[in-house]
Amino acid sequence: MGFSPSSSWFLHPQLHHVVSKMSYFDAFLFYIVHLVDKLGLWHRFPVLLGVAYLGLRRHLHQRYNLVHVGPINGQGYDTDEFCYRTADGKCNHPSDNTIGSQGSFIGRNMPPSTSQYGILDPHPSVVATKLLARKRFIDNGDQFNVIACSWIQFMIHDWVDHLEDTHQIELEAPEEVASGCPLKSFKFLRTKKVPTDDHHKSGAVNTRTPWWDGSVIYGNDETGMRRVRVFKDGKLKISGDGLLERDERGVPISGDIRNSWSGFSLLQALFVKEHNSVCDMLKERYPDFDDEKLYRTARLVTAAVIAKVHTIDWTIELLKTDTLTAGMRINWYGFFGKKVKDMVGARFGPLFSGLVGLKKPNDHGVPYSLTEEFVSVYRMHCLLPETLILRDMNSENVDKENPAIEREIPMTELIGKKAGEKASKLGFEQLLVSMGHQSCGALTLWNYPNWMRNLVAQDIDGEDRPHLIDMAALEIYRDRERGVPRYNEFRKNLLMSPISKWEELTDDEEAIKVLREVYEDDIEKLDLNVGLHAEKKIKGFAISETAFFIFLLVASRRLEADRFFTTNFNEKTYTKEGLEWVNTTETLKDVIDRHFPRLTDQWMRCSSAFSVWGSDPNPKNWVPLYLRSAP
């Protein structure tokens with residue numbers, strides 16, 4: 001029983017029903033969070049207060065924004081027999097062997113939408129053409145480069161994809177926008193609705209493993225795993241030029257190959273090299289390890305390196321503030337920091353020692369999965385450019401800040417099967433340096449890549465599908481099809497105040513004019529994806545605050561619910577040397593330096609490999625991180 005509405009005069013009227021479901025303690029915490037939100041203060045707080053606010057908000061989301069979908073019908077098993085990551089994600093949860101496996105249900109962070117609006121209201125092609133389609137390329141400045149853009153595809157292909165039905169749908173652009181649509185109509189497969197055994201309800205199934213298990217390079221099942229392995233010394237297949245091998249069809253050989261492009265494949269190849277290097281190290285230290293033991297241990301180590309790079313490197317660049325730098329490092333190392341954790345281990349619980357290395361996983365009473373809402377806020381195709389700017393690495397005048405431009409390659413030449421051949425001609429180093437020196441797109445209105453509105457999509461086996469698709473329109477359709485709430489309903493479910501006028505969303509007068517036109521001045525009709533791209537951003541954030549609060553919940557959950565980042569994150573499972581490999585790797589730059597020792601010295605000035613390489617490094621700040629004042 002929560003506080004009565006009369007005790008909360010400052011509470012937004014549309015949030016009373018949310019508070020009424022809370023315990024007294026949680027309602028009290030919510031009032032604190034809500035007051036801070038109304039004043040717009042949390043990101044202006046000194047670091048410690050900002051981190052405290054995020055801790056309170058995360059607690060509330062863990063209590064009220066985790067919704068399980070589907071039956072729980074797994075079996076118990078002996079965790080000592082499965083001290084490795086299985087091919088299909090089974091046997092991770094300590095008491096249920098199917099939680100988090102391939103083919104499990106995609107969960108939710110809130111109930112499905114109760115919206116009265118139809119799936120074509122307004123038409124997705126109208127939304128895509130009038131509000132999303134790129135008019136001119138808007139970049140992200142020096143904060144995020146094309147490597148960072150590729151990284152998030154690398155992660156999504158590790159985590160989640162929806163099972164599709166065999167039933168085909170056709171979207172035909174209305175006459176008012178047809179002339180501006182690259183495709184006047186397009187066909188696609190709808191998301192398959194699978195019965196959940198819960199009062200005739202249905203849900204969607206994940207064809208990938210939702211654990212942070214590196215399945216993007218290892219595969220999501222036994223067949224995929226066998227395809228990528230050499231079956232000698234634990235290693236994975238890689239070509240002599242350091243890029244992915246390709247089969248007789250020209251399809252890359254890697255864990256997940258659907259809808260790939262050269263930048264994505266480059267990261268797959270880099271971490272195949274990382275895996276194989278771990279195998280070499282382990283074989284030298286443990287000559288009695290057979291192929292299977294080497295493979296399993298190297299996979300654990302490599303997956304942990306990927307998770308760590310994402311947590312304390314990529315995310316920190318995405319949310320470039322002192323508060324989020326502190327928060328993400330606390331997630332991994334705890335409040336006491338790396339030095340203390342390295343000396344004494346994870347002895348002091350999640351707050352002081354971090355989520356990694358906990359005695360047992362914590363799913364907060366809701367079986368682990370990734371969620372529909374998580375998928376929606378990770379729709380970041382605006383990060384992709386129209387062309388890749390190729391840098392000349394053989395020029396006599398080597399300029400680390402701004403290497404000479406050799407030429408621009410249209411992105412359409414870097415996708416699908418032809419991407420592998422193009423990458424081989426260019427070489428790993430030229431591709432990586434070029435991506436590092438190019439700013440990616442900004443997540444804003446009118447910045448959706450035009451080439452993705454006339455796209456050849458691929459099947460799970462990497463083969464091209466017969467029908468071109470308009471991804472901008474399709475993404476609007478997908479959120480509605482899957483019951484993801486629209487923008488205002490989404491915010492209310494996330495314990496945020498809804499907007500009551502367009503000016504609260506954006507200061508852009510042109511955007512307000514078009515939003516009113518497209519949504520018939522009905523603010524409740526606003527699509528989530530459009531709202532996230534239109535929303536005013538916190539200084540330093542590449543994403544919206546609304547999207548960030550889903551990140552806040554799920555980023556922690558991916559670590560704390562996983563047995564191999566908690567109970568089994570130890571020397572017995574990883575080996576002493578394997579654990580040291582993870583503990584001494586802090587950034588993507590560390591991984592690059594391991595395999596290309598002189599590359600970053602010659603071509604990179606900045607502090608993170610995810611920032612534009614020619615930009616200035618982070619300035620030295622002598623004030624301890626936790627004691628820094630408001631920005």
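Including glycine, each Cβ sits where the backbone N, Cα and C put it.
The model shown is predicted, which means the values in this text are computed figures rather than measured ones.
Annotation comment: Swiss-Prot describes 1-20 as signal peptide.
All protein chains shown were included, and the count of other CB atoms within 10 Å of the CB of His381 (heme b binding site) stands at 19. Annotation source Swiss-Prot lists heme b binding site at His157, His381, citing a curator's inference.
As annotated by Swiss-Prot, active site, proton acceptor applies to Tyr378. Summarising the environment of Tyr378 (active site, proton acceptor), the number of other Cβ atoms within 10 Å of its Cβ, over all protein chains shown, is 19. Secondary structure at Tyr378 (active site, proton acceptor), taken from DSSP and collapsed to helix, strand or coil, is coil.
Secondary structure at Asn583 (N-linked glycosylation site), as computed by DSSP, is helix. All chains included, 16 other C-beta atoms sit within 10 angstroms of the C-beta of Asn583 (N-linked glycosylation site). The N-linked glycosylation site annotation in Swiss-Prot covers Asn583.
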Taking Cα atoms as reference points, rank the recorded positions His157, Tyr378, His381 by distance from Asn583 (N-linked glycosylation site) and give the first.
-> His157
For Tyr378 (active site, proton acceptor) and His157 (heme b binding site), the CA-to-CA distance in whole Å is 12
